[in-house]
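Annotated features in TrEMBL:
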type	residues	note
DOMAIN	20-173	domain 'MARVEL'
REGION	199-235	region 'Disordered'
TRANSMEM	30-50	transmembrane segment
TRANSMEM	70-92	transmembrane segment
TRANSMEM	104-130	transmembrane segment
TRANSMEM	150-169	transmembrane segment
Amino acid sequence: MEGMAYGAGKAGGAFDPITFFQQPHTVLRMVSWLFSLVIFGCIANEGYVNRPDEVVEYCVYNRNQNACNYAVGMGTLAFLSCMAFLALDVYFPQISSVKDRKKAVLADVGVSAFWSFVWFVGFCFLANQWQVAKLEDNPLKEGADAARAAITFAFFSIFTWAGQAFLAFQRYKLGADSALFSQDYTDPSQDAAAAPYSAFTSGDDLESPGGTGSYQQASGDGVFDGSAGYQRQEY
């Protein structure tokens, strides 16, 4: 992909929403955003039930509050993470520094891989607690659909976040076109500081003709001395 740096062209181009929403990593990010919203919403709204003779509500996953807290907390954080990286995707083509683009892509790889692992743990945790849940704790099976939905979308989230990590890694391997992007940033002040040194070097080069001139002057002096000696002759 000529003229590209980590999956985007040179900075300064106009934002194209159609192209943006057609990008594979953008699609996966929006799907992950939707899945995290579903997980959070299901548990927050229907994830707490109680027995007919009780007033206090407990987590639908075997009355384990940690399971519901995990689903709600991770769902909320994943939702915010998706929003943050969607904003970064919008701003990414405007980043002119290749080093900053590299850092952004590496952050995408790390965060996406982390969330894939988090949802793998969440899926195993929620599925286990739902499997060992006692029927007498929820005889009416309230919130059962919400509990299964959270488990299902936690499972799907493993692959959507893993897909994001894979695509980000592909963008990292793509790198930058060395013909259009400089890998090393040079401070203009350093260039200005180097200018006098370059001028001094040029001056040194000019010393050679000067040196030749000195030699010629020396030769001229020698001729003059010889001429002076000739003038001292007496007839």
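Using the three backbone atoms N, Cα and C, a Cβ is placed for every residue, glycine included.
Automatic, uncurated: that is what TrEMBL annotation is.
Only residues 6 or more beyond the boundaries of the transmembrane segment (70-92), in the same chain, are considered here, and those with a CB under 8 A from a CB of the stretch are 7-8, 15, 20, 23, 25-26, 29-30, 32-33, 35-37, 39-44, 47, 101, 104, 108, 111, 115, 118-119, 122, 125-126, 150, 154, 157. Remote same-chain partners of the transmembrane segment (30-50), defined as residues 6 or more beyond its termini with a Cβ less than 8 Å from a stretch Cβ, comprise 21, 56-61, 68, 71-72, 74-76, 78-79, 82-83, 86, 115, 137-138, 142-143, 145-147, 149-150, 153-154, 156-157, 160-161, 164. On the 0 to 100 pLDDT scale, the domain 'MARVEL' (20-173) averages 92 in the predicted structure.
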